[in-house]
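Engineer: Below are the features I grabbed from TrEMBL:
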- A:3-63: domain 'HTH tetR-type' (DOMAIN)
- A:26-45: DNA-binding region (DNA_BIND)
Protein chains: 2
Amino acid sequence: MAAQPTDEILEATYRALCEHGYADLTVQDIADNSEKSKATIHYHYDSKHDLFEAFLEDLYDDYTDHVDDVSGETHREQLLALVEFSLAEGGDVPGIDFRTAMLEIKAQAPYDEGFRERLTDFDGYLADRIESVVAAGVEAGEFRDDVDPETTAEFLVTTIKGAHTRRVSVNHPLDRIRETLAEYVETRLVADGAEVTA
Amino acid sequence: MAAQPTDEILEATYRALCEHGYADLTVQDIADNSEKSKATIHYHYDSKHDLFEAFLEDLYDDYTDHVDDVSGETHREQLLALVEFSLAEGGDVPGIDFRTAMLEIKAQAPYDEGFRERLTDFDGYLADRIESVVAAGVEAGEFRDDVDPETTAEFLVTTIKGAHTRRVSVNHPLDRIRETLAEYVETRLVADGAEVTA
């Protein structure tokens, strides 16, 4: 599929967001990170807000593709891979600048229905995927039969979101939570004996 | 102790923050919520930033007093009371407006060492209290002997912070996480047989 002019604008938005954060960002900052002029950006998007709704939509499509790609041979491995994916840092993964900007956007959500709906989609997509992996693992006998898939998804998603917040607000390392959650999965969810065979 | 002029300014800051959020807040907004003039506020605080550092310091003193007041007859009850306190909603507890403003301030932390240090103090105070309650509970045989106090504190604090973020960003109810964490404490931490006697 040929790249659309808007693709380049959304990529420039990502770069500008990492550089300036959300609150102070202007369409000029995005133009400065783009081959397109400010006028061209305004031709495609009426306002910074419209551009950001499109940006979040694009980000969501990308996110769901990545979540769908997370795989593992067993349900235990799939769950650990989802935790790993959600708390990855370094390499190609969005860094602290981007996470900081996303936290700013989260703090806008109570005032902005469009942002809130989109963030709810992100949240729900991960929760649904975790819930279905846990449910399948319980069904297969890999996870204990007293594990409730919905509650477990609730717990893991909340902890993952908290890890992102703490990474930004108090510079708390993501890898500590990754280890803690991996241990939680192994010791509290995996059924006795399943560790060996999985 | 007689109320200081700054006490009234900090209370007005709280009200103005709930009304306007952090990013758009001006010293004039604080004056509008106060009996003090903008000039008087500037006499005590050079900038909005200085005022906010003092505000966070005052909030921290208040927070630690409240954390210290959390009590329970057993370590299990103390831990559940700390979770309850951290995820309370309604009544005298700061509402969604205040939590939203605090999330904005958290998103400022990477750019602001003063804010980051203060937020780290909040984070650490709760983590230390939870860790010591869990350690004492393991020692007393109320919690399982395979429970690691530091890891448990890490996990619970991260989940609590995630609950605050999700409450603001996707309007996810705090009481669901409160129930999930209470269940985690009862089923994963409390030692077999201890539920009955505690």
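Heads up, the Cβ atoms here are built off N, Cα and C, so glycines get one too.
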Engineer: Which whole number is the mean pLDDT over the domain 'HTH tetR-type' (A:3-63)?
Structural biologist: 92
Engineer: I'd like the per-state residue tally for the DNA-binding region (A:26-45) from DSSP, helix first, then strand, then coil.
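Structural biologist: Reading the DSSP string over the DNA-binding region (A:26-45) gives 13 helix, 0 strand, 7 coil.
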